[in-house]
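Some features that Swiss-Prot has for this protein:
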{"type": "SIGNAL", "residues": "1-19", "note": "signal peptide"}
{"type": "MOD_RES", "residues": "47", "note": "phosphotyrosine"}
{"type": "MOD_RES", "residues": "65", "note": "phosphothreonine"}
{"type": "MOD_RES", "residues": "69", "note": "phosphoserine"}
{"type": "BINDING", "residues": "81, 83, 85, 92", "note": "Ca(2+) 1 binding site"}
{"type": "DOMAIN", "residues": "151-186", "note": "domain 'EF-hand 3'"}
{"type": "DOMAIN", "residues": "188-223", "note": "domain 'EF-hand 4'"}
{"type": "BINDING", "residues": "242, 244, 246, 248, 253", "note": "Ca(2+) 5 binding site"}
{"type": "MOD_RES", "residues": "254", "note": "phosphothreonine"}
{"type": "MOD_RES", "residues": "261", "note": "phosphoserine"}
{"type": "DOMAIN", "residues": "265-300", "note": "domain 'EF-hand 6'"}
{"type": "MOD_RES", "residues": "277", "note": "phosphoserine"}
{"type": "BINDING", "residues": "278, 280, 282, 284, 289", "note": "Ca(2+) 6 binding site"}
{"type": "MOTIF", "residues": "312-315", "note": "motif 'Prevents secretion from ER'"}
């Protein structure tokens, strides 16, 4: 399926989805959870393992002996200590946890990288991305299906330029990640806001009124009554979204809606790990302090064996 067919299919699917009276579109960007486990260190350290390693890598540590687990953890600590001062700070731990938290994003970028890096130089230029994505349209700007791809391409180019911090129109892997997942980067949040405003602000007055807000997430189906969640969203708009009560959301109000300041779970977990492992209470961790508490950070066959006994007893 070429790009035109894909986008037309996507448009039809979107239209079909929006026609369902009870289906809701959610534009709010939330941080992914650190783990789906309960955080209860009195029972086990599964939550901490997922937060520190990521859920998939945490499973692999359950197959290691304690000695193997400690050795592998030591190698991870060397990578976390980015300034190579022999200590792991709360900030360095937070960065590690954030990376594990967003592993699915990095995996998504890796899966797409080879498709766009046409000359295999480890970078993706705007020309490479445009040619792969819009090559068919560039060859035939007036397609038979009548679909106009130019606005989409212009929007992509604007976002690419925003992600490209040094302005050379060539994206590193980190810049390409920011292009594909702008909501994850502080310096890209303005473009997320701009694109959202363009999508919802139908009369282009620079604001989102109540009907535009509801219309973006709900398509009214003839004479059918509005579902309860739509009535709730109307109340949310009046009571919470429209903070200055002028009947519409400006850019700041819209930004607060789609990019809320969530509780920072990664920071809280980093603080917890330091508190539990910092034997000399100097506010930072040595490699030895971390490895001594390997069961908290990563676990092993031994720690999982204890949990397995509990699970066996439950059966």
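Just so you know, glycine gets a Cβ as well, placed from its N, Cα and C.
Overlay of Swiss-Prot annotations on the structure.
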residue	record	Cβ neighbours (10 Å)
47	phosphotyrosine	21
65	phosphothreonine	11
69	phosphoserine	24
81	Ca(2+) 1 binding site	19
92	Ca(2+) 1 binding site	20
246	Ca(2+) 5 binding site	11
248	Ca(2+) 5 binding site	21
253	Ca(2+) 5 binding site	18
277	phosphoserine	19
282	Ca(2+) 6 binding site	11
Per the Cβ under 8 Å criterion, with at least 6 residues separating them from its ends, the domain 'EF-hand 3' (151-186) contacts 7, 29, 102, 105-106, 108-109, 112-113, 116, 122-127, 129-130, 133-134, 137, 192, 195, 198, 259
CA pair residue 92 (Ca(2+) 1 binding site) / residue 253 (Ca(2+) 5 binding site), Å rounded to integer, equals 33
Residues sitting within 8 A of the centre of the 81, 83, 85, 92 CB atoms (Ca(2+) 1 site), not counting those, run 80, 82, 84, 86, 87, 88, 89
Across the domain 'EF-hand 6' (265-300), DSSP yields 23 helix, 1 strand, 12 coil
Within 8 Å of the Cβ centroid of 278, 280, 282, 284, 289, the other same-chain residues by Cβ around the recorded Ca(2+) 6 site are 87, 274, 277, 279, 281, 283, 285, 286
Neighbours of residue 289 (Ca(2+) 6 binding site) among recorded positions 83, 248, 253, 277 (C-alpha cutoff 10 angstroms), in sequence order, are 277
Quick note, residue 280 (Ca(2+) 6 binding site) and residue 85 (Ca(2+) 1 binding site): C-alpha atoms separated, nearest Å, by 17
Going by C-beta under 8 A and a gap of 6 or more residues, the same-chain neighbours of residue 254 (phosphothreonine) are 193, 196, 197, 208
Comparing the Cα of residue 85 (Ca(2+) 1 binding site) with the Cα atoms of the recorded positions 65, 242, 246, 284, the shortest distance belongs to 284
Same chain, |i - j| six or more, Cβ under 8 Å of residue 244 (Ca(2+) 5 binding site); the result in sequence order is 250, 253
Residues in the domain 'EF-hand 4' (188-223) per DSSP class, helix first, strand next, coil last, are 21 helix, 2 strand, 13 coil
Sequence-ordered binding-site residues within 10 Å (Cα) of residue 261 (phosphoserine), taken from 242, 248, 278, 282, are none
